[in-house]
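Peer 1: I have a structure I would like to understand better, so I am pasting it below and will then ask my questions one at a time.
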Amino acid sequence: MAALPRGSRGLPLLPLLLLLPPLGGPRGADGYFPEERWSPESPLQAPRVLIALLARNAAPALPATLGALEQLRHPRERTALWVATDHNTDNTSAILREWLVAVKGLYHSVEWRPAEEPSSYPDEEGPKHWSDSRYEHVMKLRQAALKSARDMWADYILFMDIDNLITNPDTLSLLIAENKTVVAPMLDSRAAYSNFWCGMTSQGYYKRTPAYIPIRKRDRRGCFAVPMVHSTFLIDLRKAASRNLAFYPTHPDYTWSFDDIIVFAFSCKQAEVQMYVCNKEVYGFLPVPLRAHSSLQDEAESFMHVQLEVMVKHPPVQLSRFISAPRKTSDKMGFDEVFMINLKRRRDRRERMLRALHEQEIDCQLVEAVDGKAMNTSQVEAMGIQMLPGYRDPYHGRPLTKGELGCFLSHYNIWKEVVDRGLQKSLVFEDDLRFEIFFKRRLMNLMRDVEREGLDWDLIYVGRKRMQVEHPEKAVPHVRNLVEADYSYWTLAYVISLQGAQKLLAAKPLAKMLPVDEFLPVMFDKHPMSEYKSHFSPRNLRAFSVEPLLIYPTHYTGDDGYVSDTETSVVWNNEQVKTDWDRAKSQKMREQQALSREAKNSDVLQSPLDSTARDEL
């Protein structure tokens with residue numbers, strides 16, 4: 001027998017075995033004997049979730065709410081639906097029935113609890129009034145849904161108000177991953193309102209705390225212990241403590257206000273179950289609650305406004321493909337024309353604005369904006385354009401930019417069309433704006449008041465930045481929501497009369513051009529720079545402003561996604577001089593500064609719609 005090589009004699013066996021690759025490789029063990037062979041275990045099935053929906057007079061919201069629900073990334077065969085509706089005066093029941101018939105084969109199970117009669121509660125003052133009998137009925141329905149989830153051995157139950165839009169398709173899995181007994185996704189709204197409280201009084205009422213706003217604005221991110229979550233929240237039924245949670249009947253020790261969300265918060269407290277709200281991501285949106293005297297029209301428009309707010313920074317909500325949405329009929333709101341200015345290369349803005357106007361049933365004429373960046377010096381000279389002598393941007397000391405030149409010409413061309421077509425009153429939109437709630441109705445009401453009073457007007461700002469903030473502007477007598485405009489920036493949206501357009505064209509502004517939002521205050525003699533005003537006469541434009549405003553910018557300086565086509569370009573007559581200051585520090589597009597009490601337009605007559613939407617927490 002040959003001898004082993006020198007140095008290898010007597011090596012231990014174990015280290016040599018450790019150097020060998022595993023027999024089974026990554027797929028498992030391929031043992032010598034059959035009983036030694038194995039395969040890795042399959043993953044766990046997705047948890048069983050019951051989604052509970054309660055609907056009353058919700059027809060306008062259903063296509064969007066159900067469409068968003070359909071987008072949730074949770075296996076439908078592991079999802080059950082529990083749906084109840086009653087006390088309706090619209091076709092909520094019919095829409096829900098149509099949807100459930102279409103989707104029942106896709107989900108694990110469907111429980112349908114409709115009640116066609118009665119259409120109102122005996123002690124309610126209107127469809128938005130929450131009476132004691134309504135609270136009690138809703139609590140009984142929530143308890144019935146909770147019992148159904150327990151009876152079917154569901155792992156979780158998701159309660160979701162029918163006007164809540166869950167736009168993040170991963171919301172369910174994200175909440176489940178938090179491993180909390182009761183957890184809610186923080187929902188966004190147009191105001192400070194959301195679906196959680198940070199403080200509660202000893203009587204169970206809302207209490208303002210310093211912790212709320214940083215969470216609501218996402219200055220602090222995470223999952224936070226709070227005394228109240230409502231509207232949309234998830235309960236982990238696997239947790240032993242969840243067995244002690246109830247919506248109805250109320251706890252024997254309960255003495256607080258008879259309110260479904262407070263009753264459930266008390267139940268959690270007694271069961272020693274902590275509620276949590278998570279704001280790590282944008283999960284969805286909800287409307288600000290309306291007052292008890294509000295109408296179903298108010299509610300429909302409020303929900304539609306939620307859809308508009310979603311589109312400001314997110315893709316539009318996809319409507320359910322299983323139900324037919326009502327056809328919209330657009331009009332011009334009583335104006336002779338509605339213009340919408342858009343740069344051809346800004347397709348995203350154009351699509352968002354056209355969709356926003358369509359949602360509000362507003363018909364518009366699309367106006368292709370003049371792209372100042374594409375104009376060369378010879379084109380500018382051929383049009384006889386000259387900058388106003390001595391003009392300098394008030395913040396950067398620079399001359400006019402090509403972007404501002406294009407913006408001015410875009411508005412100028414509309415004024416020309418107004419005169420050429422003899423349009424008595426027109427509405428002009430830019431494409432980077434967001435609408436306030438009840439926009440269409442409030443503006444139409446205002447214009448009716450203006451006509452009824454026979455007001456002599458040329459231009460009415462619908463959206464602007466007020467620059468004179470030392471004292472209040474003069475309220476217009478007998479006309480609600482209107483003031484005489486002082487020095488203002490921005491041309492986001494305005495109403496212009498034929499007479500107003502004629503005055504602006506008669507000033508021959510192309511030969512002494514300055515930015516359009518500086519030119520307008522010059523023409524109504526409110527610009528603080530006398531040297532600018534000296535080049536124009538007469539300065540008799542009759543200018544007013546809506547108060548409160550109905551239009552605001554989609555983005556301000558410093559916001560994610562903020563882009564300026566006016567200030568971020570080149571100097572009007574020198575393509576080598578760039579003006580890229582605006583991205584970081586433009587003062588012009590900063591949000592309106594807070595007004596002192598003395599400077600607020602507090603004397604303006606208010607309309608009922610101003611107080612319909614409740615901004616309080």
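Cβ atoms here come from the backbone N, Cα and C positions, even for glycine.
So Swiss-Prot lists these for the protein:
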COMPBIAS  582-601  compositional bias 'Basic and acidic residues'
CARBOHYD  Asn91  N-linked glycosylation site
CARBOHYD  Asn179  N-linked glycosylation site
CARBOHYD  Asn376  N-linked glycosylation site
REGION    582-617  region 'Disordered'
MOTIF     614-617  motif 'Prevents secretion from ER'
SIGNAL    1-31  signal peptide
Peer 1: Around the C-beta of Asn179 (N-linked glycosylation site), how many further C-beta atoms are within 10 angstroms, looking at every protein chain?
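Peer 2: There are 11 of them.
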Peer 1: Provide the number of Cβ atoms within 10 Å of the Cβ of Asn376 (N-linked glycosylation site), excluding the reference atom itself.
Peer 2: 10
Peer 1: What number of additional C-beta atoms lies within 10 angstroms of the C-beta atom of Asn91 (N-linked glycosylation site)?
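Peer 2: For Asn91 (N-linked glycosylation site), the count of other Cβ atoms within 10 Å is 14.
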Peer 1: Please report how many Å separate the Cα atom of Asn179 (N-linked glycosylation site) from that of Asn376 (N-linked glycosylation site), as a whole number.
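Peer 2: Checking the Cα atoms of Asn179 (N-linked glycosylation site) and Asn376 (N-linked glycosylation site) gives a distance of 62 Å.
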